[in-house]
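To start, the structure itself, in structure tokens.
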Amino acid sequence: MERISTKQLQEQLRVYFIMGSNNCEKHPFDVLTEAIEGGITFFQFREKGHGALSGAEKVALAKELQAICRKYSIPFLVNDDVELALALDADGVHIGQEDERADIVRRKIGAKILGVSAHNLDEAKRAIEQGADYLGVGPIFPTNTKTDAKEAQGVEVLRHLREQGITIPIVGIGGITADNAKEVIRAGADGVSVISAISLANSPKESAKQLAKAVDDALHEKK
Ligand SMILES: Cc1ncc(COP(=O)(O)OP(=O)(O)O)c(N)n1
Ligand SMILES: Cc1ncsc1CCOP(=O)(O)O
Ligand SMILES: [Mg+2]
């Protein structure tokens, strides 16, 4: 298996939905199904925080969600838990600065997709040297979803990374909605990653649709 190309990943990262059971008021299976119907292009299973499942229950939910992603050809990544990603033969892993080192994870996962969180240029450069395929940059806007998130940086951080020569795919994260997604793309991101904008929406399908439209419109402006 070869590493995914930058072009293919850029395309796939447009609307990146992240979710765990504690992000939802409805059953996660239904939320993810609706989100896919609405047009999400990438999925991360992030089962952590207050009330998160563990052990066999976590594995069972991951398998259920992976099966829907497989059915609709949506890449399925696992947050933090490299061993789970390997056990499930997931499409990849997302890790942050407080997780296992990216070069070690790269060795473990071979050509699977590796996403790394970066908050500044130094972290971005190191992540790339260590084998990241894409960067998750944020929080861009204030978020209530991740209690230990750093301070929101605004879209300037994205512009800065691009001006300083970072060319690999980037998704913005943190407080992103259909109303501010265009700013994120215009500043240099290839896509937006969201949790609550979809997971807590009355209609995850409608919310995903609106996000996809905002992102696609902004990407067309750049062409
Ligand atoms: C796409 C994306 N970007 C950033 C993150 C945050 O990762 P991390 O800093 O490791 O925090 P946790 O999500 O593990 O709490 C992400 N998960 N996905
Ligand atoms: C996982 C993560 N990393 C930085 S902010 C964040 C939470 C994003 O959630 P939301 O889209 O609900 O603000
Ligand atoms: Mg992490």
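In case you wondered, yes, glycine gets a Cβ from its N, Cα and C as well.
Those TrEMBL annotations? Automatic predictions, nothing curated.
Sequence annotations record features per position, and here TrEMBL assigns 4-amino-2-methyl-5-(diphosphooxymethyl)pyrimidine binding site to Gln44, Phe45, Arg46, Glu47, Lys48, Asn79, Ser117, Lys146. In this structure, Asn79 (4-amino-2-methyl-5-(diphosphooxymethyl)pyrimidine binding site) is part of a beta strand by DSSP.
Of all Cβ atoms in the shown protein chains, 16 besides its own fall within 10 Å of the Cβ of Asp99 (Mg(2+) binding site). Taken from TrEMBL, the feature Mg(2+) binding site applies to Asp80, Asp99.
Annotation source TrEMBL lists domain 'Thiamine phosphate synthase/TenI' at 15-198.
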**OP:** Provide, as an integer number of angstrom, the distance between the C-alpha atoms of Glu47 (4-amino-2-methyl-5-(diphosphooxymethyl)pyrimidine binding site) and Asp80 (Mg(2+) binding site).
**Re:** 9
**OP:** Could you tell me the mean pLDDT over the domain 'Thiamine phosphate synthase/TenI' (15-198), as a whole number?
**Re:** 98
Subject >> Entry from the binding-site residues list Glu47, Asp80 having the most other CB atoms no farther than 10 A >> reply: Glu47
